[in-house]
Amino acid sequence: MRSQIYRSATKAARSFLSSSKNASSRFLPEGRTVAATAAVSLRVKAPYLASFGGANASGTWMSTALAIPAAAYLLQDQEACAAEFERTFIAIKPDGVQRGLISEIVARFERKGFKLVAIKVVIPSKDFAQKHYHDLSERPFFNGLCDFLSSGPVVAMVWEGEGVIKYGRKLIGATDPQKSEPGTIRGDLAVVVGRNIIHGSDGPETAKDEIKLWFKPEELVNYTHNAEKWIYGDN
């Protein structure tokens, strides 16, 4: 019975949260306003319903009165937490794919605590590669760079986490592997700049543009990772 209560509470909480987005409170943050509304509503109903069902009905409705605001607050808290996290675009280039380095690279981001929210394998056209490297169109190596990116399969990914854009770049290392520190992906796994195995967004705006170029909105998965409380929790 209690599991049914909490499932119903979560469903009701989602409904409250959805409707509250169109009418925010002047006095309380959105989640707390919704929770308070749910609690007040059920406290009014509980005595009335209890008169028909006795103590068990009263206990059930009071449990629900506690469950709905709690669920609403937790859902709101999850949404707020997710909104704080950055997202970055990471691509394993054809050389990294052909050398069998996919799992090695993915593992490094996972071990850091970042969350994978999108991944696919594609062979981009040269036109697509030119769109990706549009900011380098005036550089002498532009044509060769686009030829290489479109020469084979690319593993395109979106990673999420606190500081993922800046730290992702540190994790990747300098563009020239010869200048990359040991411990970085390029420092450990690449030798020359023309085969530096991986690409990562260099800033928030670039990340947004690259994610939009490579992925449709529905390909990005929003979810709460079970390890997040062990990664981001406060003591």
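From the backbone N, Cα and C atoms, a Cβ is placed for every residue, glycine too.
Per Swiss-Prot, the features are:
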{"type": "ACT_SITE", "residues": "HIS199", "note": "active site, pros-phosphohistidine intermediate"}
{"type": "BINDING", "residues": "LYS93, PHE141, ARG169, THR175, ARG186, ASN196", "note": "ATP binding site"}
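Everything Swiss-Prot records as a feature, shown here on the structure.
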residue : record                                          : Cβ within 10 Å
LYS93   : ATP binding site                                : 21
PHE141  : ATP binding site                                : 12
ARG169  : ATP binding site                                : 17
THR175  : ATP binding site                                : 13
ARG186  : ATP binding site                                : 23
ASN196  : ATP binding site                                : 23
HIS199  : active site, pros-phosphohistidine intermediate : 20
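Calculated from their C-alpha atoms, the gap between ARG169 (ATP binding site) and the residue listed as 'active site, pros-phosphohistidine intermediate' amounts to 9 Å.
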